[in-house]
Amino acid sequence: MLTKFETKSNRVKGLTFHPKRPWILASLHSGVIQLWDYRMGTLIDRFDEHDGPVRGVHFHNSQPLFVSGGDDYKIKVWNYKLRRCLFTLLGHLDYIRTVAFHPEYPWIVSASDDQTIRIWNWQSRNCISVLTGHNHYVMSAMFHPKEDLVVSASLDQTVRVWDIGGLRKKSVAPGDDLMRLPQAVNNELFGGGDAVVKYVLEGHDRGVNWASFHPSLPLIVSGADDRQVKLWRMNDTKAWEVDTLRGHVNNVSCVMFHARQDIIVSNSEDKSIRVWDMSKRTGVQTFRREHDRFWILSAHPEVNLLAAGHDSGMIVFKLERERPAYATHQGTLFYVKDRYLRSYDYQSGRDNPLISIRRAGAGAGGNAGPRSLSYNPAENAVLINSDVDGGTYELHVLPKGSVGGEGSSDSRRGAGASAVFVARNRFAVLDKGNHQILVKNLKDEVTKKCSPPDSATDAIFYAGTGALLCRSEDRMILFDVQQRATMAELATPYVKYVVWSPDMSLVAMLSKHAIVIANRKLGHACTVHETIRVKSGAWDDAGVFIYTTLNHIKYALPNGDSGIIRTLETPVYLTKVFGNTVYCLDRDGKNRQIQIDSSEYMFKLALGQRKYDVVLQMIKSGSLCGQSIIAYLQQKGFPEVALHFVKDESTRFELALECGNIEVALSAAQELDDKDTWHKLGVAALRQGNHQIVEFAYQKTKNFERLSFLYLITGNIEKLQKMLKISEMRGDVMGQFHNALYLGDVPERVKILENAGHHALAYLTAATHGMKEDAERLEAVLVEAGIAVPEVTEGEEIAPLTPPKPIIVGDNWPLLTVSKGFFEGVLSGEVDASAYAEGGFDDEAGAGWGDDLDIDLGGDDDKEKEEDPLAAAGLAAGSDEEKEGGDGSDSDAGWDMEDLDLPPDVGGGDDDGGLVGPSEVFVAPTAGIPPSRRWTEKSAVPGEHAAAGDFDAAMKLLNRQLGVINFAPLKQHFIDAAFATHASMTATSMGPNLTFPLGRDWNADAPVGKTPQPALVSSLAVLEAKLKAAYKTTTEGKFGEALKLFQSIIHGVAVLLVDSRREVDEVRELLGIAREYAVALRIEMKRKEHKEDPVRAAELAAYFTHSMMQPIHASLALRSAMSLFFKLKNFNTAANFCRRLLELNPPVKVAQQAKQVLQACERTPTDEVELDYDSRNPFVVCSATFAPIYRGTKDVACSCCGAKFIAEGDHVNKVCPVCNLGAVGVEAAGLVVSPSQR
C-alpha cells in the first residue's frame, strides 16, 4: 500500500471521490461532512447540517452536487460551489445507510433501516419508487453503472438485484397519465411495479453489509457479518454463487471491485484491508491498523486510487506503484512494461521488447514491480531493482541485436536494497542487513566489500565511475568506493530519485516536495520547494532541469529560478528533453511526446549567463510577454529590458525611473499628465541633475515655491524676477517676500513689509541696509502710530544677508556621468549589437564614475548621425555648435508653455539631431543588490531574514517551520536583529547617513564583493548565559521571573543562526530544556494559585516532580511534594517521594529529614485522599488543563516548543501558553537555524 493522504478525525462512515478534481468527501459519525483536497492535503470545506452520524455520501458525476444521508432520516442534496444544502428529501422512517446518484438519470437511490430502498428524482424532488422486500435493515444499495439494475444488501442475509427498467420507461417516455392513475394509487400503497426483484442471492449465514456490481462484467461481490466475501455471477435469467473468499476474522464492512484491475478489495472490523485476486480467488495482500476498525471503501472512477474510512479518520492509497522503471542512454530509452524490458528509440519512434523478465509471485504484494533501472552501455547490461523480499535486484546482460526475445541469455538475481553500476564491469549493491556495500562483477561475484559512509545509509545512487551517492536520513553523501572515503555531503530532504545532467556537471535530487540541485562535488546550487508531489525530471541540453509534478511541467534553473511550463491532465514521467519536445512515459507505460514552450526559461538562462546577444534576439523576436517576465527583469536588475515589453504608460513610467531613463519617463508623464507623476519625475530628474526637466515638472504641478528655489540654485535671475511678478499677481505675500529675498532686492522687501503692515520690520530692514530716507519715513510712521521704534545698533560691522551672484549660467550640470548599458544602447537604436559583440562587454564599466570609464561604442560618424537615440526618443540632442547648417527653427522648439523656453537638447523636435557621443548621455546607474538582500537569497534561516530587515519573509518561514501564529513576542527580537547588523555613518554635513552591513567572521583576504554572513545579536553563547541566569532565578524561587527567562530563550532560538551541525544539536537540546522548565514552572505557579484547595495543590506538586530538571531543582520539587503529601496523610505516595529524593544524594540535613519522613510513612503505607496521580504509569502534563496525559492517550503538541496537550479541547489550534508563539496541534516542518540544515 502506498499511502497518499491521511486524515485524523471522528469515525468515517462514508467516502466518495470527485470524478475530475482531486477531492474526496468524508462523512463522519459526528455528523460533519468534510471536503478534502487529497493532492494538497488541505481541508477545503465542511458541511454541518445533519443531526447525528452521516453514513452515506456521493458526488454527482457531472453536476456540482453531492448527496448525503444520515441517522436523522434525512437525505440532503448539496451544491459545493454555493457551499450550502439545496434541499432535503424526507420519506425514510429510520437511519439511512447509503445514498448514490444514478450515472445518467436524475435519480438518487437510498437504503435505510426502515427495510426499504427508495429512488428519488432530485430534479422534481420527489420519491419516484419504493423498493420493498427485505425484512431487515437494508445496509447498502447502488445502481448498476450501465444497466437498469439496483443491487442491495440487507441484514436479512440476502442480496437482491432489482430491475428498474419499468421505472426508466415510465420516467424517460411517460405514457397516458389517465391510463396510469389506478397503477399510481396502487404503487403508493404497496410499493408499485416499476421496480421488481430480479434475483435474490442467498448464501451468507449472517447479515450482509455490502454488495456492489462489477463495472463491466456480470458479477456481484458481497461482504457479510459471517466474515466472508462472496462472488456471484448473473445472466438474463438467473444468478448464482461463484466462490467464497475467506480470511477476515470479523464482520466484513465493505467490498468492491477495483476499477482498473482484476482484483477485489474488502475491509473489515478486524482492522484490515484485504486484496483478493479475482481469477485465482485467493488473498494477495493484507494491510492492517493497530487500533482502528474499517467501515467504508471508495474507489476513484478513473484514477488508480482507493480510500478507506476507519475509527479515527481515513486514508487515500494506491495498491501498487505506477511509476515505470526506466533509464536513458543517449538516444535510447530502456524501460519495463508488463513482463518485458523494452527499448524506445527517440529519433525513429521505434519501440521494441528486448527480453522477458520475471514476474513477482502473487504473494509479493502490490509493490513487487520494478522500482528503478540502471543501464551499463559498455557491457549492454541492465540492473532492475524491486522491493520484493525486502529488496532484490536482477542483472540482465542483453544479447547483441536483441529485438523481442522471450528469454534472457544471461540473468542473475540477488538480494540488496539498491544496486547500481559503478564501473565498466562492476556494480555496487547495498546490503542493509550486514551494513555493507558490495562491489560485484557481471558474474554476480563479490570483488570488494566496504562499509557505507554512514550507519543510517538506506539507499545508493549512481554518481559517476567509482562513486556513489548514499542517502542517509536528512543528507546525501558522495562516497568514493575505490578510496572508501567520503568526498562531500549535503543536507537534503528524503531523496527518492537522482538525475544527472548529460555532462555530469549538475545533479538534481528529487524528494517528495523539493528538488535540490548541486554540482559534481555536491556544492549546493539551489533548492526548489513544491506544495504537491514531484514525480520526475530530466535535464535539457542547455543545463535547465525540467520536472513534473502531479499536474504541471515545470523548470528549475541552477540559480534557483523556477516556473511553470504547462499544465498536465494526468501525471507523466519525463525521460528526455529535446529542444521544445519532452519525451515521457505515462502510467500505462506508453511513450508520449509533449510540446513545450522553452522561451521563458531559455530567456532567464541567457540572462543569468550574461549571453546578452541571445537575450536581445529573443526580445526582438517578441516571443516573450506577460507580467511575470517584467517582474523578473525588475527583480534581476534589468528594468531597461523590462521597459521594452511594457505598453502601459504607468508601468513604463515606473520602470523608466528605476533604470534612470529620464527621456522615456518624460514621454510617459506627458501621456499620463497627473500631478503625482510629474512630482516623481521632478524628484528623479533632480537626482540626475537635469534641472531643465525639473523646471518643466514643477511648472506642470504649479509648485511655485520649489520652482523659485530651483531658479535660485541654478542662478536664473531672470526667471526669479518673473516668479516675483507672478507671486505679486497671485497676491501671495509670502511668495513675494521669498522671491525678493532670493533676488537680494532690499527695496522690494521693505515695500512688501510696509504693505503688509509690518512697519517695524520694514524700518529694521531699511535701517540695516543703509536706506536712510526710507528708514526716516518709516520711523515717522511708527512715532505717529505710537509704536516704539526698534533700536539699530551702530558702530559694528554689519554684513547683510544677500544671495551670491551666479558666475556662469549654463545647461544641465550632471552629478554623475554614466554610459548606457548594453540593452539600453541597442534597444534605443544608438548602437548596433555587433559593436558590443566585437569589442566585448565589460559589465563593470557600465557602473563606473567619470568620462574615463565610458565604453567606446565604435562606429563612424555618419552612422552615429543616422542613429541618434535622443532623436528617436523624440528629443533633439546636441549643442548649437554641433547643429551648424541645420534649420534654425529647431532651436526654438519648446515645451508648449509660454513661461518656459527649453533648450534644444531636451526639446521635442523632429530634427534628426547631430552627432552625440555616449559620454554626453546621462543615465543613472542601476542600483546594485544590497548585502541584506544577498543574506536572504538562498537562506531558509528566519534569523537571517530578520537581520536583513525582511520581517515578512522571516514570519512566513517561522510559520512554516515552527507554526508560529503569534509574532508579538518576537517583535523586539526582530528589531534588535535588524539594528545589530547595520551601522550608520555620517558622510557629509547636512547629508543623509550611509548605512553599512555588519558581517561576522570578516576576513581582509576575502575576495572583493563577497558578502559576509550577518552578525546576529542572538547567539548560542548569549542564550547559554541566559540559561544560567534562569537556573539561578529558579533556585532563588522567583518562578515568574524565571519563566520569562525560559520563554525568552525559546523566543531567541527562533531568530538564532549557528554554523555547524553540532551547534544545531545544542540548539535543539537548549530548546528542550527551556520547554521543560517553562512547563514545570507553570505547574508550580498554578499550584500556588490553589492554596485553598489542598487536593489540587497536591496533584500539581506531584506533577511538578516529574519534570526534567536539574538535580537541585528536582530535589526542591520532591521536598515540597513530600511535605504536602505527608500533611495530606497520603503516606504511601509521600514515601515514594522520599525514596526518589534520597536517590538524588541530597545534603545531609535534607537526607536525614527524608529518612525520618520515610520511616513515619512506612508505618502506615496508605493514602487517605484519592488523587489523579499514578506514579507507576508514565505521563506528561497537559500545559493547558494541567492534567496528566498517560502513555497510550492521544495527545497533540505545540508546533514551536513541543509542549504536550490533550488532543481535544478549546486549546487546539490556539496559541501555545508555554512559548506564546506556536499553535497547538499544528504540524510544522521544523526550525532551520543553520545553512547546514534543510
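In case you wondered, yes, glycine gets a Cβ from its N, Cα and C as well.
Quick look at what TrEMBL annotates:
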type     : residues : note
COMPBIAS : 843-859  : compositional bias 'Acidic residues'
COMPBIAS : 879-913  : compositional bias 'Acidic residues'
DOMAIN   : 341-586  : domain 'COPA/B second beta-propeller'
DOMAIN   : 627-770  : domain 'COPA/B TPR'
DOMAIN   : 820-1237 : domain 'Coatomer alpha subunit C-terminal'
REGION   : 843-914  : region 'Disordered'
REPEAT   : 5-46     : repeat 'WD'
REPEAT   : 47-88    : repeat 'WD'
REPEAT   : 89-130   : repeat 'WD'
REPEAT   : 131-164  : repeat 'WD'
REPEAT   : 201-242  : repeat 'WD'
REPEAT   : 245-286  : repeat 'WD'
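The repeat 'WD' (131-164) is not in contact with the repeat 'WD' (47-88), judged by fewer than 3 CB-CB distances under 8 Å for residue pairs 6 or more apart in sequence. For the repeat 'WD' (47-88), same-chain residues at least 6 beyond its ends with a Cβ under 8 Å from one of its own Cβ atoms are 13-19, 23, 25-33, 35, 94-101, 103, 108, 110-112, 120, 122, 125, 301. Same-chain residues lying 6+ beyond the ends of the repeat 'WD' (245-286) with a Cβ under 8 Å from its Cβ atoms: 1, 209-215, 219, 221-225, 227-231, 292-297, 299-302, 304, 306, 308, 310, 319, 362-363, 365-366. In terms of DSSP helix, strand and coil, the repeat 'WD' (131-164) has 0 helix, 20 strand, 14 coil. With DSSP states grouped into helix (H, G, I), strand (E, B) and coil, the repeat 'WD' (89-130) comes out at 0 helix, 25 strand, 17 coil.
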